[in-house]
Amino acid sequence: MDRTRKQCSVLAFTDDAVLPVSTIVNAVRELGNEGAEQCDPQVVTQASSLSKLPVDSSSMDIVISICRSLQFQGDFLFEEISRVLKPGGTVLIYKTLQSVAEGTSEAVLALERKLLLAGFLEAQGLQLNSLELSGLDHSFGMKAKKPSWKIGSSFALKKSTKGSVKVNLDDDLIDEDSLLTEEDMKKPPIAPGGDCEVGSTRKACKNCTCGRAEAEEKVKLGPTMEQLNNPQSACGSCGLGDAFRCSTCPYKGLPPFKLGEKVSLSGNFLAADI
């Protein structure tokens, strides 16, 4: 593991014509890399005239950018930094106050936002008070990491297996008889025949259920023997025939007759004509 740290690949670029190696070593040491003095960094100067870094893709563990002048923004190189860094690699960016037009806090927020938009993770500011970087007085810095995955990489997602819940349908059924009480189980008493009101004259009640009302209705349909032997009429129209009789007339259906005379029926009155 220590050997890997000693052999870490470092790329540093700046807009100056000269960049001391000691500045790069001190910057790498701040990352906690042991044996930073033994690293062999690649240095690119006057990078403001470049549109592409002259290194292979995914070949660097650390990339350091040092910006001193306002003319060299270096923002167009963020994509190049992401290209040359290995997955999980680190980028360090240092800017002097002369290289920014706004204040320090605004410049730090703008730089952090640009790093996040370029795809870097864990962007955070650096405390330069403890750094001994030559020529970087009155400056601010920030570091970030490239994601550990490669662009275009894919992996299979594990589908969560849903366990089937066993449901016993019999447990959901309720015996209806268990909901009934002893009073509910008793059969209702059956009303005896002729249960209408008992009085001086037995007659069907209003809500008759014993059949007395039907029997009384049948009696009312035809004239009694007393009415046949001694016909009488309260309206005076019973003997004129059905055309003059009311709907409840007991003589309805009988031939016309004279009141006070005995009504006699022929022997074949109920016999069929055919």
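Positions of Cβ are set from backbone N, Cα and C atoms, glycine also.
Of the listed segments 19-22, 171-174, 235-238, Swiss-Prot assigns motif 'Cx2C motif 1' to 235-238. Swiss-Prot assigns the feature region 'Fe-S binding site A' to residues 196-210, out of the candidate ranges 196-210, 256-270.
Recorded residues CYS205 ([2Fe-2S] cluster binding site) and CYS249 ([4Fe-4S] cluster binding site) have their alpha carbons 23 Å apart, per Cα-Cα distance.
According to its DSSP assignment, CYS205 ([2Fe-2S] cluster binding site) is coil. Looking only at Cα atoms, CYS210 ([2Fe-2S] cluster binding site) sits nearest to CYS246 among the binding-site residues CYS235, CYS238, CYS246. Shown are the binding-site residues CYS205, CYS210; of these, the residue with the fewest other Cβ atoms within 10 Å is CYS205. The region 'N-terminal SAM-like domain' (1-154) scores a mean pLDDT of 76 in the predicted structure. Within 10 Å of the C-beta of CYS208 ([2Fe-2S] cluster binding site) there are 16 other C-beta atoms, taking all protein chains into account.
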